[in-house]
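J.: What Swiss-Prot shows for this protein is this:
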DISULFID  Cys27-Cys38  disulfide bond
DISULFID  Cys55-Cys144  disulfide bond
DISULFID  Cys121-Cys136  disulfide bond
DOMAIN    34-145  domain 'C-type lectin'
CARBOHYD  Asn130  N-linked glycosylation site
SIGNAL    1-23  signal peptide
Amino acid sequence: MGRFIFVSFGLLVMFLSLSGTEAGVCCPFGWSGYDQNCYKAFEELMTWADAEKFCTQQHKGSHLLSLHNIAEADFVVKTTVSGSKDGVIWMGLSDVWNECNWGWTDGAQLDYKAWNVASNCFIFKTAENNWSRTDCSGTHNFVCKSPA
């Protein structure tokens with residue numbers, strides 16, 4: 001009986017370790033799951049527009065990263081952006097499409113803000129866990145986000 005419990009416990013531990021970051025979130029291979037969304041960091045340096053276009057081609061519904069609370073931001077920092085060379089990644093927040101009406105590229109409402117002031121696109125400074133406006137023509141690493 002003791003051996004059965006030991007084996008069962010071992011199988012449970014193995015299953016949980018292989019089941020991904022969050023149980024119940026089914027993401028494509030290489031993507032990390034959190035709160036019904038999937039995330040993947042890319043080390044390529046691209047402009048904001050090129051990174052957004054790239055994200056939309058990766059997975060159905062995928063766009064540049066949108067953040068809606070500090071817990072999500074912490075998840076992204078801990079699990080996806082370790083490859084960012086300068087600790088700065090593009091976010092989907094921009095007024096490029098709406099001229100002064102800020103909104104996420106995935107259409108989500110802007111319900112969480114953590115920026116300081118400067119241009120038309122936003123970067124996420126992962127070491128400081130804050131956002132900065134910047135010129136959209138610069139190149140940065142980026143994270144794509146997709147519904148699970």
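Cβ atoms here come from the backbone N, Cα and C positions, even for glycine.
How buried are these features, and what lies next to them?
T.: Of all Cβ atoms in the protein chains displayed, 19 besides its own lie within 10 Å of the Cβ of Cys27 (disulfide bond).
Contacts of Cys55 (disulfide bond) defined by a Cβ separation under 8 A and a same-chain sequence distance of 6+ are given as Ser62, His63, Leu64, Gly92, Phe142, Cys144, Lys145, in order along the sequence.
The 10 Å shell around the Cβ of Cys121 (disulfide bond) contains 26 further Cβ atoms across the protein chains shown.
DSSP labels the residues of the domain 'C-type lectin' (34-145) in these numbers: 21 helix, 39 strand, 52 coil.
Every protein chain shown contributes to the tally, and the Cβ of Asn130 (N-linked glycosylation site) ends up with 13 other Cβ atoms within 10 Å.
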J.: Taking Cα atoms as reference points, rank the disulfide-bonded residues Cys27, Cys38, Cys121, Cys136 by distance from Asn130 (N-linked glycosylation site) and give the first.
T.: Cys121
J.: To the nearest Å, how far is the Cα of Cys38 (disulfide bond) from the Cα of Cys121 (disulfide bond)?
T.: 22
J.: Could you give the mean pLDDT over the domain 'C-type lectin' (34-145), rounded to a whole number?
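T.: A mean pLDDT of 87 is what the model gives the domain 'C-type lectin' (34-145).
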J.: For the disulfide-bonded residues Cys38, Cys136, Cys144, which one has the sparsest Cβ surroundings, going by other Cβ atoms within 10 Å?
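T.: Candidates: the disulfide-bonded residues Cys38, Cys136, Cys144. Fewest Cβ atoms within 10 Å: Cys136.
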